[in-house]
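Presented below is the structure to which this report refers.
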Amino acid sequence: MSENLQDVLDPNLAEKLVFNEAGLIPAIVQQHDTLEVLMMGWMDDVALARTLTTGRVWFYSRSRREYWRKGDTSGHVQYVKSAAIDCDSDVLLIKVHQVGVACHTGTRTCFTGRELPVVVGNENEDAKETK
């Protein structure tokens, strides 16, 4: 397992990644087959290198200031299926096979039951307004 991102990725790609001022990058975790968004966690270069080389998802805990591998305590493991960066190189998308629930609260996703009230958009109404 390499902990040096420069050893894992092409150096030109590695240097394009945009980490925040704390050296972290958000990682959206998605179920690979249903495309369900499971959670978001933070990675630094070491957590990303571990994720890319071990087949398991690693994060950096901002509160505990330590690395953690998803599922080591709970048994709710995330097996890596693919990884991508967004068009600005400042967000990661990690597709996984999720075993059990993704959220530490016991829900399938970290978004389950936490919906906000919204006005639902209607493309037919927009089409009428533009004519």
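Cβ coordinates come from backbone N, Cα and C, glycine included.
Per TrEMBL, domain 'Phosphoribosyl-AMP cyclohydrolase' is recorded for 39-112. Confidence in the domain 'Phosphoribosyl-AMP cyclohydrolase' (39-112), given as mean pLDDT, stands at 96.
Around Asp88 (Mg(2+) binding site), the same-chain residues at least 6 positions away in sequence with a Cβ under 8 Å from its Cβ are Val18. Per TrEMBL, Mg(2+) binding site is recorded for Asp86, Asp88, Asp90.
Around the Cβ of Cys103 (Zn(2+) binding site), the number of neighbouring Cβ atoms within 10 Å comes to 17. Residues annotated as Zn(2+) binding site in TrEMBL: Cys87, Cys103, Cys110.
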Mapped DSSP class for Asp88 (Mg(2+) binding site), helix or strand or coil
coil
So for Cys110 (Zn(2+) binding site), how many other CB atoms are inside 10 Å of its CB?
17
